[in-house]
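Undergrad: Attaching a single structure in structure tokens format; questions to follow.
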Amino acid sequence: MVILNIALFLYFYSVTPRYLSPANTYTLLTYAADLGILTVPQAIIMMLGMIDLSPTGIANLVPLIDWSLWQYFMGAGIPYTPALIVATIIAWLLAAFIGFVNGILITKGNVNFLLATVGMLFLTDGLALIGWGGWPETFPGADKAPYFSGVISGVIPMTFVWTLVIAVLYMILFYRTRFGVYVTATGSNQTWARESGVPADKIIIIAYILTGLAGGILGVIDGSRVREVSATNFTTDLTLESIAAAVIGGTMLTGGKGTLIGSFLGAFVIAQLLDGFTVLGVNAYAYDAIIGAAILILMVFTGKKDDIIRYFRRASSLRMREEETEATEKKGTNEGTLTQDGGSKDVNNDINANKDTDTNNNPRG
């Protein structure tokens, strides 16, 4: 993934040097932030052999609830910043609760994960539209809430910092606790995992809580960046891109295999494609088709990566065997030639010896 990201960067930079401009760097990191914060928990869900299609619905609903609570608290006399912080904490807890409901529906209600999360997607989007309509509400931006949407050194958005923090925390949970082992075991064979004492239901619920929380955080920090929140800020495209990023990063849809680091880097691959083609000025009508084709090619390549590596290793091994066989045959031929030469010399020596003997026995000769 590192090599692929470097290759894409070098390509787009070689085509247009402004790809590395401060303005575009900010845009690229914004793309990566929005996608990366969903990709990491989505990869965990995928390692369970499931997917979550509800994060963008949560990202639309939760910021609106945050905004309403913030307005209510300020109306109750709570100062601006404390009101916003308390409202945001409550909103994020609600996002985690929505993820919890997803997990309960799947584990205790025996609802298929696709049906459960698609239903939650429509429910959250619908509630956002019913409660607040399609009109955007002004949300505190960088001037009032720099901890959400400020800019570091003129190029690094705070949304990207939030994404890094969330990604690192999720990775610590996954790699430094039993959670990651249990996720892999459950995704590999859920029946075997349960029989081995793995609390599979609990693991699934926690995974969906993490995804729901990530959706809530995304909605708030991105709403602060654009200074408004609405029921239509996010579409399911972002969720589907997070799934593609995880697959490109090496996470299998079948479960039991994957890497959070690779998936996070896969988000950068998708972000570079989205940003790079925009900078190149790709025709708007062809944009989706080109992005889709590029993602498909990368996903096929990633899925066949092991087969490709095995092919080249096998080809290299066969070549080495052929060279060894040729060397052995050549060595055998040389030894045969030497033996024949040695035999001829021995025969000549015997003939000469016989001649000498005859001469000695026959003085008249």
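If you go along the chain as it appears here, the first residue is 1 and each next one adds 1.
The backbone N, Cα and C atoms fix where each Cβ goes, glycine too.
These came from TrEMBL, pasted as-is:
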{"type": "TRANSMEM", "residues": "28-51", "note": "transmembrane segment"}
{"type": "TRANSMEM", "residues": "84-106", "note": "transmembrane segment"}
{"type": "TRANSMEM", "residues": "113-135", "note": "transmembrane segment"}
{"type": "TRANSMEM", "residues": "147-173", "note": "transmembrane segment"}
{"type": "TRANSMEM", "residues": "203-221", "note": "transmembrane segment"}
{"type": "TRANSMEM", "residues": "285-303", "note": "transmembrane segment"}
{"type": "REGION", "residues": "320-365", "note": "region 'Disordered'"}
{"type": "COMPBIAS", "residues": "320-333", "note": "compositional bias 'Basic and acidic residues'"}
{"type": "COMPBIAS", "residues": "343-358", "note": "compositional bias 'Basic and acidic residues'"}
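For each feature listed, report its degree of burial, its nearest neighbours and the pertinent distances within the displayed model.
TA: Here the transmembrane segment (28-51) has long-range neighbours at 106, 113-114, 117, 155-157, 159-160, 162-163, 166-167, 170-171, 174, 183-184, 186-187, 190, 203-204, 207-208, 210-211, 213-215, 217-218, 221-222, 225, 238-239, 241-243, 245-247, 249, 251-260, 263-264, 266-268, 270-272, 274-275, meaning same-chain residues at least 6 beyond its ends whose C-beta is under 8 angstroms from one of its own.
Sequence-distant contacts of the transmembrane segment (113-135) (same chain, six or more residues past either end, CB-CB distance under 8 Å): 50-54, 56-58, 60-61, 64, 68, 98, 101-102, 105-106, 230-232, 236.
Tertiary neighbourhood of the transmembrane segment (203-221): same-chain residues 33-34, 37-38, 40-42, 44-45, 48, 50, 52, 54-63, 66, 88, 91-92, 94-100, 102-104, 106-107, 148-149, 158-159, 162, 166, 170, 173, 179, 182-183, 186, 229, 233-234, selected by CB-CB distance under 8 Å and a gap of 6+ residues from either end.
With a threshold of 8 Å between CB atoms, the same-chain residues lying at least 6 positions outside the transmembrane segment (285-303) that come near it are 4, 241, 244, 247-250, 269-270, 273-274, 277-278.
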